[in-house]
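Novice: Starting off with a structure, shown below.
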Amino acid sequence: MNPKLPYILLVGAAVIIFILSCMLLSRGRQSPSCDSQPSVAKKTESVNQSLVFADLTPEEMSQVVRYLRGHLGVPLVEASRAKPSDNCIASVDLQVPAKAEVLRFLDSGGARPAREALAVLYFGNQAEPNVTEYVVGPLPTPAYHRDVTVHKYGGKVPYHRRPMLGSEYKQLGVFLETVAFAAAPTFLQEVFEYDRTNVAFQTTVPHGFQSGDRVTWFVLFQNVSGFFVHPVGLEVLVDHSSLDMSQWAVSRVFYNGQYYRDMVQLESAYVQGRISVEKVRKAPWDGDFSSMKPRAPAAALFPVQYEPQGPRYSVRNNHVLFQAWSFAFGMSVSTGLRLFDIRHKGERVAYEISVQEALSVYGSNCPGGMSTRYMDGSFGLGRYASPLVRGVDCPYLATYVDTHSLSESLRPRKRKASLCIFEQNLGSPLRRHYSNLQSFYYGGLVNSALVLRSIATVGNYDYVWDFIFYQNGAMEGKVQATGYPSSSFLHGDGLRYGNRLWEHTLGTIHTHFVNYKVDLDVGGVKNSLVAHDMAFEMTRAPWSPEQQIERPRLTKKVLDTEDQAAFRLQSKMPRYIYFAANSKNKWGHQRGYRIQITSFAGDHIPEGSSMERAISWARYQLAVTRRKEEEPTSTSIYNQNDPWSPTVAFADFINNETITNEDLVAWITAGFLHIPHSEDIPNTVTVGNSVGFLLRPYNYYDLDPSIYSHDGVFFTSQQDFTACEINPLACLPKTASCLPNFPPFTYDGFRNM
């Protein structure tokens, strides 16, 4: 062997290592970590002012609880273990100050409004049980409380109207297991192999047929993943109106199309062979067809969005700043996501935009399904805001915000990452033009918008709530529905009420209605409502009188009264309807913001229904009323359990008052009809199940404000469009070729369940 060979090999290896090191270092220089630009300039005054709308802090909630326990003079039981005959705190939330006080503070240097909480208490341990609402303040050190129930609702809230606590559901579950089911052991064992762990329940609302009722159908399912689509055919009606749980009783039983007086009669009929039994194949724990576990292995990663120079928005406390937009945000326990003091280019365009209610009305030939009318605000759209999963629920690099609530507890609860904020490139131009006539140029603007999102999981459904802010001054409110469809046991004429989704599963037809409150302040608090539309007019051609021309012309109408501004669900509404300011733009037009609704709503429940007034907001696709402090919401959490004597009836808001040059509120309803189909298995997708509204500037500006966006692109045929100073897109290989800093994946959704 040549004695020099080992040295030659060592030198060669060293050279290769050096070359590879240079390549790696070079690659590192080409793809550095993305650096954030200097943070968006924040106006400290605006940030501090927005705190007037901020949700209560955990410390403030705890102080309210401590104050109430020490000053009401009655024992308060932890709601999570309270009996119906106990006193307890149901919820504590922010008491939003009166608008006039807030505007004096924000706009005129007035005193900061007192910070107060609204506490909802159940008093079951009283001679006349009732629900009472207290305003408690000032925070952070409470010194007073006042009962506002009568002032808000015209009287005490009867106890039967209270939303059900989790403890009541647990107590009903114990009743079913130990009392109701104990009366039919043979039937349950032989038909369902019942072992106390293999069935799940879903309850119906409202609880009965008349004011004062508290009777509930419990629909039984196999206790597997996605149990909502695994009905077994048994439903039990329980009367739990008594505050003495020993008085609870089964009122009726339904099995496979037949009704029975109680579980005793069902057991007797089964033992005597007088029941038609439909055995349901036992599903595995993962639910089989209802499992959301992917049926395909992981492959190439889906596209991921990142910000090469860091976020172009700022979030500080409850205040968000994005380009020309600024707003404050919050999360109500009952109604969920809400915005305040929404400004564009420094000028307020809306005082409040908030979700009000989500309603579903079901049909079925089973008792539970046919009697279900969910008003999800009573369960809590904010309370059930779910932790968000990075990269799926929101972009991986979104800003995630924790929220806090106090509901059915004496201690506040932290909802980790239950709200997200991100800027999204929508992958299309906001506007563009390619000119190949006369002059040759391209001009365009990427449609990049800011999104504020929360997702509420209420039972089987997941609602994705978005507020979206565009660069042209438009703003969108949108909800997308997903989750599992509700189902009934398929029997008899069930296909009149939906589609068959599996062997024994009927996907039941239902409507979705969502209501929003939009308090626009266009160019000031005082606005009028104006409708523009078109009509064809026939005319003779001036240059050829023998010829007729049909030409569109503009129609204009000021809507003077609330009755004129209440548009029924299926009625024809002017295509352009807008809040008009008392000021004009450069071209002499009243400055305005237009309301544009996206909705595919099914029919509203007939007005002859005994419960319709409780959901009368759903009569209207749009209703504009005078703003009143005593009309803060279109519904009430108490309407769910007593819709026959509604605590708040929206129809009463519309009483033909003048709405010209007044402080106005738009109540917007959007919705869709859902007939579940086989593609809703394993669960419903968001595609096609999205509704909402747009607020668009209409002669508000002298020209499109997005022309001042830094994202604009323009070059002519005479320019070097590969030069960065001409076309910023030419710099992308340099400005965007960085490696984003992805934080480790974490999720807290399964803690403290």
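Yeah, the Cβs are placed from backbone N, Cα and C, and that goes for glycine too.
TrEMBL does not curate its annotations; it predicts them automatically.
Below are the features I grabbed from TrEMBL:
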type	residues	note
TRANSMEM	7-26	transmembrane segment
DOMAIN	76-144	domain 'Copper amine oxidase N2-terminal'
DOMAIN	162-257	domain 'Copper amine oxidase N3-terminal'
DOMAIN	305-707	domain 'Copper amine oxidase catalytic'
ACT_SITE	Asp376	active site, proton acceptor
ACT_SITE	Tyr461	active site, schiff-base intermediate with substrate
MOD_RES	Tyr461	2',4',5'-topaquinone
Novice: Quick one: give me the count of other CB atoms within 10 A of the CB of Tyr461 (active site, schiff-base intermediate with substrate).
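Specialist: So the Cβ neighbour count for Tyr461 (active site, schiff-base intermediate with substrate) comes to 23.
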Novice: CB neighbours of Asp376 (active site, proton acceptor) within 10 A?
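Specialist: Summing over all protein chains shown, Asp376 (active site, proton acceptor) has 24 other Cβ atoms within 10 Å.
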Novice: Measuring Cα to Cα, how many Å separate Asp376 (active site, proton acceptor) from the residue listed as 'active site, schiff-base intermediate with substrate'?
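Specialist: Cα of Asp376 (active site, proton acceptor) to Cα of the residue listed as 'active site, schiff-base intermediate with substrate' measures 10 Å after rounding.
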